[in-house]
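Down below is the structure, laid out as structure tokens.
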Amino acid sequence: MSPILAILVVAFFLYCVTTSASDPDPIQDFCIPNPKFGSIKIAHLGSLPCKNSSEATTDDFVFSGMKGAGNFCDTGLAAISVNPAIFPGINTLGMSFVRADLKVGGYNPPHFHPRATEIAYVVQGSVYAGFVDSTNRVFARVIEQGEVIVFPRGLLHFLMNVGDKPATIFGSFNSQNPGLQKIPTAIFGSGIRVELLEKAFGLSPKQIRVMRRRFNPKSKG
């Protein structure tokens, strides 16, 4: 293969990767999925036919499920994720959002979204928030009510309520399917071989069993 042809092949590959790495542009004003074709599947959000635009109503574009906090987990976090599966009006618009509530001392453990940048707005409370870049540099500080922080796509980030009252954060993503991977669960709840975890983290088999039971209750250690 000639050098010029090789460069063209690499350039074409990079073009394909970058152009397919985000949500496609819509080709109509909006697309309310037609319920006649079944329920919306997260992995195939853009695959359902739209119902006729003349059948759309104002209610298709209004969501009322974020008025209060969701169910709290053992980390003191309650999250209500909103995507086209529960809010059809945002289908094909390249966005989704979340309401997160944190009890005093509650936290959202380190995690990342492989397909979206996130903007987080503090509605109330004081939250220690930040992200880690690819050089392992931490960008973090306490953000207060009315402030906004951005978490670049694919970078590990975290939140913790450091105030003396509950905190509420609204997050917005530039993808209707941003994806979510929590680091502790991915490491200790996914079935990675014990031998590798021992070498990577300097933990004993007993310690790994404890972590596995914590992040994967179905694990037998």
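Keep in mind that glycine also has a Cβ here, set from the backbone N, Cα and C atoms.
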From the list C31, C73, which cysteine is recorded by TrEMBL as disulfide-linked to C50? C31
Give the number of CB atoms, excluding that of C50 (disulfide bond) itself, located within 10 Å of its CB. 17
Cα-Cα distance linking N108 (oxalate binding site) and H157 (Mn(2+) binding site), given in Å to the nearest integer: 9
Counted with DSSP (H/G/I as helix, E/B as strand, rest coil), the domain 'Cupin type-1' (64-209) has 22 helix, 57 strand, 67 coil
